[in-house]
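Peer 1: First the structure, which I've put down as structure tokens, then a few questions once you've had a look.
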Amino acid sequence: MLKFRTVRGGLRLLGIRRSSTAPSPNVGHLEYKPIKKVMVANRGEIAIRVFRACTELGIRTVAIYSEQDTGQMHRQKADEAYLIGRGLAPVQAYLHIPDIIKVAKENGVDAVHPGYGFLSERADFAQACHDAGVRFIGPSPEVVRKMGDKVEARAIAIAAGVPVVPGTDAPITSLHEAHEFSNTYGFPIIFKAAYGGGGRGMRVVHSYEELEENYTRAYSEALAAFGNGALFVEKFIEKPRHIEVQILGDQYGNILHLYERDCSIQRRHQKVVEIAPAAHLDPQLRTRLTSDSVKLAKQFLLNPWPHRPDMRLLPLPSSVDLVHAQIHVAEGRSLPDLGLRQENIRINGCAIQCRVTTEDPARGFQPDTGRIEVFRSGEGMGIRLDNASAFQGAVISPHYDSLLVKVIAHGKDHPTAATKMSRALAEFRVRGVKTNIPFLQNVLNNQQFLAGTVDTQFIDENPELFQLRPAQNRAQKLLHYLGHVMVNGPATPIPVKASPSPTDPVVPAVPIGPPPAGFRDILLREGPEGFARAVRGHQGLLLMDTTFRDAHQSLLATRVRTHDLKKIAPYVAHSFNKLFSIENWGGATFDVAMRFLYECPWRRLQELRELIPNIPFQMLLRGANAVGYTNYPDNVVFKFCEVAKENGMDVFRVFDSLNYLPNMLLGMEAAGSAGGVVEAAISYTGDVADPSRTKYTLQYYMGLAEELVRAGTHILCIKDMAGLLKPAACTMLVGSLRDRFPDLPLHIHTHDTSGAGVAAMLACAQAGADVVDVAADSMSGMTSQPSMGALVACAKGTSLDTEVPLERVFDYSEYWEGARGLYAAFDCTATMKSGNSDVYENEIPGGQYTNLHFQAHSMGLGSKFKEVKKAYVEANQMLGDLIKVTPSSKIVGDLAQFMVQNGLSRAEAEAQAEELSFPRSVVEFLQGYIGVPHGGFPEPFRSKVLKDLRRVEGRPGASLPPLNLHTLEKELVEKHGEEVTPEDVISAAMYPDVFAQFKDFTATFGPLDSLNTRLFLQGPKIAEEFEVELERGKTLHIKALAISDLNRAGQRQVFFELNGQLRSILVKDTQAMKEMHFHPKALKDVKGQIGAPMPGKVIDIKVAAGDKVAKGQPLCVLSAMKMETVVTSPVEGTIRKVHVTKDMTLEGDDLILEIE
């Protein structure tokens, strides 16, 4: 076959592909010698292609394979297979002529097919076959030498009168010769391997500065691919069409062509897509191409030996099987004997060939390696597949060509063939390795391609081809997650050993049709001000249901999944349209959704909004902290509120953990500017009815309320996080507020830790509150909110009647009772059997009470929880008697656990404050990073802890420069792809590390929201069968089959049956890997050995071996259960050795570093 490029209407010969032979004029009739056994001196798809043809002809086949190819498909497709090149490098094995000839002679092989690449253009290999008495299916050694030598081939073409581009007359031997050529012909030029093709050893050079590097790279590639690094140089023709002509000849002088194919779509000079015939090719030009090809073939092939056809051939519409013809010609038959005459060769339709490879187009077509976990091909009418190594379980190594399969589509014309190819590629499912299929699909949908007007710059000039749509890969990602849980246990930390309930909760019946109108309809119609008037004018008591957020945060460590919230959401919409609102978002649920549940908090909001369109949604906004635990630039807080409102949020409960007014005002302004209902919340602590409590008095709260009303709040809230409001205090505080602000809606939030919650809320309602917070009965009480059923029943028939049907509350509670059983491992009742009135003393907020309890257990302090609560009181006093709401409550809790962990009393902690490495949250609070507490900071404790550390004056966020959200978005797109949303940008701005880990996790596992909670937490049991609905109409049928023993890599193979097909995945056994490593402990009596003060993960290392450190200098940062601790140096000295790395998980007292 001859390869031409069309340039400005003329022809330039660039290379030759052999397909046939022509005899010398005096050749007579040769003897017919049937071939009985063929060995293919190659691998992959071409070897299989030849084997199939041989089998059809009744010829026995022999494969050879390297040590790295023991699992490859080509050796399984042959009748016999033999190892070659033992101990050699992977490519060198297939270039080792002595081994190949030895296998042929020892096993009765009478013909060798070289395939393409490797030894196919090596004259010494053809000669070795001839010397061994084995037929070489291809040219004679001399013709191979001439045709394999591109320089000599050029000379022959010139002698035949075929025009060629300027090039060197012989392989160049130095860089100087390349300089001389470029001086003569100018740039650009191209280096080409003199003894091979396929795009290897080719480099385009545009300037003198690029010459040396490209010469070196081309030589190296040619040497590695063909065993000879010789290069020649040609003038590079820019933007040509790369058109090749296929020819076929025999030993009797018969030569014919099979028309052309367009190979213009290339990357790195390697063909990606081939089209036959070439579209829009002028008939006269086609005639010139084909006639010159035949003429050149006759000039070349004056030799009585057969030539091989190029195996990269498309199944051209001529329907000629060139492999059959090639073998028959090698046996001595003529083309007319085979019924092949030029007048009978006709173009019949169009064929397109795509090379499906394990390359990642998004990373410059970088080859990908690994194990193919799933392989499903595209098939059907007009589709042919030539496989290389494409099957489930195949291991793609880095040693050879990245080809998986060649896909060939045939149709009546170019658009029809393209449609068939596009459909076939869409049917492919390849998992475990990246492929170029998304790129090929973009090519097939490109209008320039469909118009047939492509050239060799097509890929470079169409960057939109690289806008790849990622494969969903949902089923396999789910299996990976399930396998991970089956091998390593739950992916989310489990505080106590308790299994999820084996039964799913019962969802009550939901009426057909849209839900009845609710308060949200008023809000949408009349805006925030009209909504507030409607609330204040409502007769009776309104309720906010916290079951969707604060209730499960308080009882179940914020672990309730969207999966279970969505199930009951339609029932809530139809049954509780009289609710003031549903609290379902914000606060701790935001980061926990990503951190532990591996779901997007924004998607939760979107999905619930769709299911509950009639009831207002309410969220918890931590003032200037938004939904975080630190300060953010003001523009981030404003953007957060804007995006939250766009996604369906209605009421923003804005608070600050210290009641620090500047922080609250920022949050209120952000929520208001977004168009939300602003509910300013005063965090409550102490007891206004107790005259001995002089810090947080009635006057303090009334003064704060005045400021918030003046700032424009639509609703005023009292946020009693610890449940400290007693009925007398309720009457006094709410009554005073109602008298002072008669037209302002009042909303009261409390926790029922003491057991007095229902009484307190009734007292608030009687004193003039418009709204109180409740939770479903089975999710109420203890550290949660008061019982919805109790409030509804007590108010029924009175002026406070809630208009909520009590029987609907019962059904609602039954669902949540079942759902709560799924979260047994997180349920506070695992160790807490009731509420406790000691909350009036320790003032631990309800949500934190549960979390603190779980944190204590995770840190080995479960038996000391009473001490933790006592330490909480002391820690609170050390910090100046704070209002304790997230994050201030977390600061007090961190300090309390630190004191218990290290056996410190308040007096000891204060006395040793200059030497101790306090939790980061405590240090940052004392620096002023969350604001200024009422009454100021505690001294001298603050000065002892901070020493010379920076102190923040005024509102912490005021000094932060705006965050460039556009730049952040670009960074996220670069890292995660085009699917980044505005919501993702805000998540990354709030929690950069958590969001990055969430994206990494969900890129590997998912979609987890389709799993029921028991499977999410515990995984399936062996032999368990279950269904997973990915979306409406797409359901997976899965059965867990088995788990293998540990392999040498520390992995276990997990087997499933998915939709009736066997699937397996490899899962790293993290516990086994951990047991292979033992971390040293710090010796307490060795002063320079620094141990971990608590179990946790190393998130930052601030020093290295050899560094000088001062006493009190930060050494590293540990994190455990969202609490971060800076480990500081207790002495001055030099770092001798660092024993930890970033992200390493440590146990208590694990050695961090040594100081001398």
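Cβ coordinates are placed from backbone N, Cα and C, and glycine is handled just like the others.
Model, not experiment: these values are computed from the prediction.
Found this in TrEMBL, in case it helps:
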BINDING   Lys150, Glu234, His269  ATP binding site
BINDING   Asp550, Lys719, His749, His751  Mn(2+) binding site
BINDING   Arg622, Thr886  substrate binding site
DOMAIN    34-464  domain 'Biotin carboxylation'
DOMAIN    154-376  domain 'ATP-grasp'
DOMAIN    541-810  domain 'Pyruvate carboxyltransferase'
DOMAIN    1087-1156  domain 'Lipoyl-binding'
MOD_RES   Lys719  N6-carboxylysine
MOD_RES   Lys1122  N6-biotinyllysine
Peer 1: Mind giving me a neighbour count for His269 (ATP binding site)? Other Cβ atoms within 10 Å of its Cβ, every protein chain shown.
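Peer 2: Counting Cβ neighbours of His269 (ATP binding site) within 10 Å gives 17.
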Peer 1: By DSSP, what is the split of the domain 'Lipoyl-binding' (1087-1156) into helix, strand and coil residues?
Peer 2: 0 helix, 38 strand, 32 coil
Peer 1: What residues, ordered by sequence, lie under 8 A Cβ-to-Cβ from His751 (Mn(2+) binding site) and sit at least six positions away in the same chain?
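Peer 2: Listed in sequence order: Ser554, Asp720, Met721, Ala722, Gly723, Gly757, Thr783, Ser784, Gln785, Pro845, Gly846, Gly847.
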Peer 1: Would you list the other residues of this chain near Mn(2+) - those whose C-beta lies within 8 angstroms of the C-beta centroid of Asp550, Lys719, His749, His751 - in sequence order?
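Peer 2: Near the Mn(2+) site, beyond Asp550, Lys719, His749, His751, sit Thr546, Asp720, Met721, Thr750, Asp773, Gln785, Gly846, Gly847.
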Peer 1: Sorted by position, what residues of the same chain at least six away from Arg622 (substrate binding site) have a C-beta under 8 A from it?
Peer 2: Gly587, Gly628, Tyr629, Phe655, Asp656, Ser657, Gly667, Thr886, Pro887
Peer 1: May I ask which residues of the same chain, at least 6 positions away in sequence, place their Cβ under 8 angstroms from the Cβ of Lys719 (Mn(2+) binding site)?
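Peer 2: The list for Lys719 (Mn(2+) binding site) reads Arg653, Phe655, Ala681, Ile682, Ser683, Tyr684, His749, Val885, given in order along the sequence.
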Peer 1: Could you check the binding-site residues Glu234, Asp550 and say which one's CB has the fewest neighbouring CB atoms inside 10 Å?
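Peer 2: Looking at the binding-site residues Glu234, Asp550, the Cβ with the fewest others within 10 Å is that of Glu234.
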Peer 1: If you count other C-beta atoms within 10 angstroms, which of the binding-site residues His749, Thr886 is the most crowded?
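Peer 2: Answer returned by the neighbour count: His749.
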Peer 1: Would you mind reading off the Cα separation of His269 (ATP binding site) from Asp550 (Mn(2+) binding site), to the nearest angstrom?
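Peer 2: Answer for this pair: 61 Å between alpha carbons.
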Peer 1: In Å, rounded, how far does the Cα of Asp550 (Mn(2+) binding site) sit from the Cα of Glu234 (ATP binding site)?
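Peer 2: That comes out at 74 Å between the alpha carbons.
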